[in-house]
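What follows is one structure encoded as structure tokens, with my remarks underneath.
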């Protein structure tokens, strides 16, 4: 690629921003007895290194599952074990059984941050660079700008930015988009086996690959591809889960840990439909637990079904990326047991369409970062979040001239406008409405941030600010979901092969 030195500078800038943010506080710093996510990552290294594999997911005197018990798939455990071997070599006290609980020191913080940065450098950042280099129909300058904006997205940097599974998922997207279907399937299977939340993206992968098989013909090359894909999926899952297949109880226990349905419909004040509705209608109290699961499943399925059916019938890399956005949003808004950080699973595919719909994508990515404000405040990350968010917005605004790209076609709202004009011929001001809504939402986010930081909520309404955040975010995400694009404009924009 031309101007490779500029891409190198972008990567170095992304690494510098990540390391600078890592110098700040971390989740649960100095807050016994449970501490936070930082301690969870350290504790998993302690458990996987000191206990036999059969005890990793079981409650025992050496492995209290109430204290950050391992609740992610086997690949996360293997990664923790690899890090534990390095920790043992540097300082065995970091992972000593029992005595290392709550261990905090500058040297250990440096080690933990380094493991995250190395994972980013080896997995996520190369995937971002390759994605941008493979985009067609845009200039080299735009490819570099696209990489800059994605690498500066504050959500991934601020919230436990070692989301190794997002890098694996991105390699999966690249693989199937470039017709490296087996490699893409393998990468995505590894992503699912690293973090089960990658199931948010599973249906688009399945539908896209199934659509490819249909397109090639199920009586010929399509059937061969289907068999190869099935073999890849089965083989990758078997290898990851092999140590737990020795006993039925082992596999079932891991599954119970991965899908803890007893935690409830949502956690904290996550910005999804259930949290917003619960202000007026206490669903958790009205509906039995099993009914909540069924209702959330049905609504999630209904909301994602149209996009998945369309992708199966008309498979294309562009349609695949938009379907990833749509399905991930459906899971985030309607599914059972959603956490604030789950918005990152929506943000990843939105980053992939940043160059196609820059205005709407930038808007969503700003809002997604704001949606995690309670978590950022709890971890003392207000200042880093403000600085990185401003840097990201400036990068997007200058790289893509987002305020100049707000026509109906560029917003992918042409079909909606045409349908409305059949009844209201003078409906030609939708772009202006979108621009005004953007400005209003940004002002509202700034005001809510200031109120949350400086004011105490009323005693009778202790969660007032968090709920207002949730309502704002729901309104924007719903708009984003409705603006998936004009089907007549979805001409192919393939990756290079």
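Glycine is treated like the rest: Cβ placed from N, Cα and C.
Here TrEMBL gives transmembrane segment for one range in the set 381-403, 404-426, 473-495: that range is 381-403. TrEMBL tags one of the stretches 293-313, 314-334 as transmembrane segment, and that stretch is 293-313. Cβ atoms under 8 Å from those of the transmembrane segment (343-366) belong to residues 131, 135, 138, 142, 146, 149-150, 153, 155-156, 159, 163, 166, 169-170, 173, 197-198, 200-201, 271, 318, 321-322, 324-325, 328-329, 331-332, 372, 389, 392-393, 396-397, 400-403, 405-406, 410-412, 434, 438, 441-442, 445, 476-477, 480, 483, 485, 493 of the same chain, restricted to positions at least 6 beyond its ends. For the transmembrane segment (433-455), the neighbouring stretch richest in Cβ pairs under 8 Å, chosen from 144-162, 168-192, 222-244, 293-313, 381-403, is 381-403. Proximity of distant same-chain residues to the transmembrane segment (144-162), defined by a Cβ-Cβ separation under 8 Å and at least 6 residues beyond the stretch ends, is recorded for 3, 6-7, 10-11, 13-14, 17-18, 21, 27, 37, 115-117, 119-120, 124-125, 128-129, 131-132, 135, 138, 341, 343-344, 347, 351, 354-355, 362, 365, 368-369, 372, 375-376, 381, 384-385, 388-389, 391-392, 395-396, 399-400. Here the transmembrane segment (222-244) lies next to the transmembrane segment (168-192) in space: the count of CB pairs under 8 Å, restricted to residues six or more apart, reaches at least 3.
Sequence-distant contacts of the transmembrane segment (168-192), counting only residues of its own chain at least 6 positions beyond either end whose CB sits under 8 Å from a CB of the stretch, comprise 73, 75, 123-124, 127-128, 130-131, 134, 198-199, 201-202, 205, 208-209, 212, 225, 228-229, 232-233, 236-237, 240, 317, 320-321, 324, 348-349, 352, 494-497.
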